[in-house]
Each structure stands twice: as C-alpha cells, then as structure tokens.
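Have a look at the structure below, then the notes.
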C-alpha cells in the first residue's frame, strides 16, 4: 500500500492524531467520506496509528466500543450527517455503558458552511449544527473546531472523555483539519484526585463504626472496571476473607475461580444461595453498582441501606450518610485499611458450588441451551475474550463461572442486538495476543454480519458461535411465541464466511453434542484461523436465568410499572 503524500507542515489533524496516540490509540475505525478523505491521508501516514475500514458506520461504532472497553479509549471517523447518524446507535450504547469513544466527524469547510447553502449530507436548510446538537445527548463533551481554538478544544474533549469514561464528539471541518499549528508542547494533564480529605476522614470514621467486627461482603459492578480501580478492589478482597459477587454487567471483573466468589447477583432471579449471601450480609459493600432492569431481575433487589456501604464514582455513603467528593479508588483503599487495622480474621464461609458437573451427554444427544453453554465454558482458556450478544448467549453464559484470565463483554443495558460481532473485531485488535470467542444468535448476526470479512483482512482468528434457534427466541418467550414478527429469514450460515471473503476458515454445523465437541476440538487446535460454528438448538429453549428473568416481562404492566423493591436503592 502506498502511503499518501502529506505536506511537511504540521496541522490540526496531525495534532488530534498525536493526542490520540498519546492516550494509547493505535487503530481508528470508520468509513471514508468526501469530508474526511484528507484527514484519512494523515491517519494512513501516521507512524503509530492504523486505519481500519468497516463495512458500515454502525459497525465502526460497535468496533470502536469493543476496542475502547479493553484499551480504555478508542476513536472512529465518519462523515457529516449520513455517516455520523449511522453510527449514533453505537455511540449511544457506548454512552449508556460508560465506554470512552472519540467520534470524529468530517464536515464541510467553514467558508462553505457560512453560505448557508444546501450542501450534500446536510438537511438542506443551511444549519450545519443539527447533528452536533443531536450528539450532545449521547456524548459527554462536544467541540466544533475552529482554527482559533482547535488544539485547546481537542485537549478539552479528550480530557473529558478520559475523565467521565463516555464518548466525546469532535466536528472537524476539512479546512480546519489542514490548518497549520504547533505539535503538543506537553502531555495531556493526568488525573487529579478530587477527594476531599475531610470527606475521606468522615467516611473512614462512619465505615469503621458500621463494620466493627462484622463480616463484610462485596457486590461489584462495571464502574470498577471503567474507572480502572480493579486493583484497589482486589486489595480490599484480600484484606480478609471477603465473599463477593458481581452483577451481570460486571461479569469477569473479578476472579470467578476463587473460593470466595459467590456468583452473579440478579435480585429475585439469583440462586437462593447468592441472594441470601448478598441480601443478608451483616455489612454489604456495593462498589460501582448500577441496578438496571435486566441485571437486577426487574429491580427485585433487596438491599438494606442501613447495612450498606455504597461506593460510587465521586461519592460514597455509609447507611444513610453521604460523603463527597470522594473518589472510588480512595474509598476502596480506605475500606481495605479498616479491615487490616481491625486485625480480626473472618472464618471461611460455605459458598455455593461452581459450575455443576453434569454427566457428559452421549455424542448423539441433541443440543440444548444448557448443553451448549456447559460445553463452551469447558472449552475456554485463560486469555480468551468472550463477547456474548444480548440474547440467549448472554444469559446462558453469565450463570457459568469463567476461568481466571477470561474477559467477558456484554451489553445488558443498551442491549443492541448484533453489537458483539463488530465489537469482537475491535476487541481482537485491542489485544491481538488474546483470542476472541464470539457468541450470538441468528437474528442478531443478520444485523451486522457484513463485518465478518474484516476479521480475515485484519489477520484475526476468532471462534464464532452462531446460535440458530430460528428467530427471536427472547421475544418469543416474552410475547408472541409463534407470531410472524419473531421469525427471520433462514440463511445457509456455514457458507457465509467464504462468501464474505474469509479465505482461511473452518465451518461446522452442530446439532448434536458429538458434532459440537468436534468443532470445539478443532477450534482449540487451529488457533491461526477463524472457526465458525452454527449450533442448532430448539426454538423455544431458554437458559434457566433467562427463564427467571422473562417471567415478570411476560406481564406488560411489569415492564412499565416495575415493582418497588422496598429499599431506597
């Protein structure tokens, strides 16, 4: 590939790329458009950043999301109007799920905008700020760059994205992108601790009194990961014998192979043992917890505030008393120090068993959801990155314990089906040394399958499992089991990788345990190529956790008039 010729003068576009590289971005996703082409030349010529073109802008946004979850930041480039709006669903998902993505939008030159003429990719009314106003609802920071303040505004948006762990939006006109400027004079300012010493001191006093000599239990969620304070939480967990659980959103946040791991807490949909351990804990620490409908069993959690220490991003509470400003990492370190200072070791506790060991099915046994996820979990190895789409794949996997060193990615709040396929591309590029395992349903795959060829082009070798249950099974479980709107077109799935340009791959169609076992054995052996497995399961078969969750959803009143859990949080 011939690199484009770039003028020697340093530009605003180069400044933006150098700042992204400084934050750890080595790939930028997107789809080219005429308002971005010159900026793309700078990307191609950049010494450390590569361009990764996608099949469409929505997929580019999903890929950037998957990359950002593992790298801590990501970027995509789309063109004005038509391109950015195609990516808006993905950006909204990143906002909902606290993923830092920088969305760079190429726009017409400023002088053309000033004429207020009906330029292509606009609404034709001469107003070129419609879309930045839309973006303000789904990003934490926005900038319409001008030549006078471009570099300052770039730094502001990137700093806000890094601080809030949410997307940012940069509108980059073609003339501003090529405008001369100076390279960064210094690195972006790092994180400054926003904790008040007085708030921390009062928090320690209150927490010490509540904890006393009682056993502590921890319930953790995804904000611990997004705010990069996992080590601080692990220090707390090793300061004593501390049982812990996570919500579905925080799955794989902590070691699930530990004898202290309780399992997944999902309110009334939890196992009885996990529910009792969390809801009856003498002292419960909730770290980075956000109760959403689907991860809490439709808000059926029973958490008593009087026995709870809640640790949030910028504030913490002990019982009914709030302490702010107090950053999460500082609060977790303080709790660990309290356990160390008290010098009382809690006795071991009886915890629920891990994945139950069932009898190995016969090779001719027809596959079910339970057999599929049992066998898949047994095939995982440390280092795998598992992406489970928001369907039976997600709920089938979350109730299984993962090996240490496996990362799990799902999207239970935004829940945009098809998200995980392009996100797996981004995750694979974020950590090339870790093999991705992609799990999604047939209906979800039909939305984003165009990106499959990009895996081969980028030299990635994922294991892809498409669950063929002949349509939208979760919707069938909620309403309309035989309704035509829950049907989809039937595809020849094993032909698709080759049709989309994946030259080096192995495809399997598994209806029995023996066929599934063979496919996974080949996947374990062939680590340098894509292994694509179509798995046939009954149309109305559900994982047990999903069965528990869909009971309240079957009553439409429960969807919109959710029960009051009886506690404040």
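Yeah, the Cβs are placed from backbone N, Cα and C, and that goes for glycine too.
These come from Swiss-Prot:
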BINDING   57  thiamine diphosphate binding site
REGION    392-474  region 'Thiamine pyrophosphate binding'
BINDING   442, 469, 471  Mg(2+) binding site
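The Mg(2+) site is set by 442, 469, 471; from the centre of their CB atoms, other residues of the chain with a CB within 8 Å are 441, 443, 467, 468, 470, 472, 473, 488, 539. DSSP labels the residues of the region 'Thiamine pyrophosphate binding' (392-474) in these numbers: 36 helix, 15 strand, 32 coil.
For the region 'Thiamine pyrophosphate binding' (392-474), the model's pLDDT averages out at 97.
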